Amino acid sequence: MYPAHLLLLLAVCVSLLGASAIPPLPLNLIQFTYLIECANKGRRTSFNYADYGCYCGIGGSGTPVDKLDRCCKTHDECYAQAEKKGCYPKLTMYNYYCGGGGPYCNSKTECQRFVCDCDVRAADCFARYPYNNKNYNINTSNRCK
């Protein structure tokens with residue numbers, strides 16, 4: 001075996017071992033990221049919404065801090081409805097387009113359409129309401145009751 005092939009094989013093995021310790025990102029969240037950036041025309045990335053208010057990000061409780069946080073609560077509720085329909089919203093891949101008027105769905109199955117609609121409505125909602133930097137990375141144990 002050539003030394004270059006051995007190096008390549010070693011690099012692949014090391015990267016696979018390292019990747020096994022990293023939790024997988026739910027597949028559809030990658031698509032949701034693109035929908036958010038499409039809807040707000042690149043003004044904010046999805047990372048701005050990953051730890052905003054009481055509902056944007058992992059989990060959620062209490063009263064939303066503003067209209068933008070309410071968008072996240074509504075998105076969580078939409079995903080809960082998708083699960084009741086037997087869908088797996090965080091794993092469901094769907095077809096969508098980013099046009100001049102923002103994102104829209106073009107999926108075939110009921111679950112794909114439902115989950116995509118949840119994500120498009122949330123992305124449009126994020127674009128509609130102002131972002132308050134004071135509501136990013138808040139102390140949820142104090143403010144989300």
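Using the three backbone atoms N, Cα and C, a Cβ is placed for every residue, glycine included.
Among the features that Swiss-Prot reports, signal peptide is placed at 1-21.
Summarising the annotation, Swiss-Prot assigns disulfide bond to CYS38-CYS98 (among others). Counting only same-chain residues at least 6 apart in sequence, those with a Cβ under 8 Å from the Cβ of CYS98 (disulfide bond) are TYR34, LEU35, CYS38.
Classification of CYS144 (disulfide bond) by DSSP places it in coil, neither helical nor stranded. Its own atom aside, the Cβ of CYS144 (disulfide bond) has 18 Cβ atoms within 10 angstroms in the protein chains shown. Annotated disulfide bond per Swiss-Prot: CYS54-CYS144 (among others), in sequence order.
Summarising the annotation, Swiss-Prot assigns Ca(2+) binding site to TYR55, GLY57, GLY59, ASP76. Annotation for GLY59 (Ca(2+) binding site): no same-chain Cβ neighbours under 8 Å separated by at least 6 residues are found.
For CYS56 (disulfide bond), applying a Cβ distance below 8 Å and a minimum sequence separation of six or more within one chain yields TYR49, ALA50, LEU68, ASP69, CYS71, CYS72. According to Swiss-Prot, the disulfide bond annotation covers CYS56-CYS72 (among others).
Taken from Swiss-Prot, the feature disulfide bond applies to CYS71-CYS125 (among others), supported by similarity to another entry.
The active site annotation in Swiss-Prot covers HIS75 (among others) and is backed by similarity to another entry. Sequence-distant neighbours of HIS75 (active site) (same chain, 6+ apart, CB under 8 A from its CB) are TYR55, CYS118, ASP119, ARG121, ALA122, CYS125.
Annotation source Swiss-Prot lists disulfide bond at CYS78-CYS118 (among others).
The disulfide bond feature in Swiss-Prot is assigned to CYS87-CYS111 (among others); the stated evidence is similarity to another entry. In sequence order, GLU110, CYS111, PHE114, VAL115 make up the list of same-chain residues 6 or more apart from CYS87 (disulfide bond) whose Cβ falls under 8 Å from its Cβ.
The disulfide bond annotation in Swiss-Prot covers CYS105-CYS116 (among others) and is backed by similarity to another entry. Secondary structure at CYS116 (disulfide bond), taken from DSSP and collapsed to helix, strand or coil, is helix. Around the Cβ of CYS116 (disulfide bond), a 10 Å sphere holds 25 further Cβ atoms from the protein chains shown.
According to Swiss-Prot, the active site annotation covers ASP119 (among others).
Closest to CYS116 (disulfide bond) in space, going by CA atoms and restricting to the recorded positions CYS54, GLY57, ASP76, CYS78, is CYS78.
Figure note: comparing Cβ neighbours within 10 Å for the disulfide-bonded residues CYS72, CYS105, the maximum is reached by CYS72. For CYS144 (disulfide bond), the nearest neighbour among the listed recorded positions (GLY57, ASP76, CYS78, CYS105), judged by C-alpha distance, is GLY57. Each of the recorded positions TYR55, GLY57, CYS78 was scored by how many other Cβ atoms lie within 10 Å of its Cβ, and the smallest score goes to GLY57.
Put plainly, the recorded positions ASP76, ASP119 were compared by Cβ crowding within 10 Å, and the winner is ASP119.
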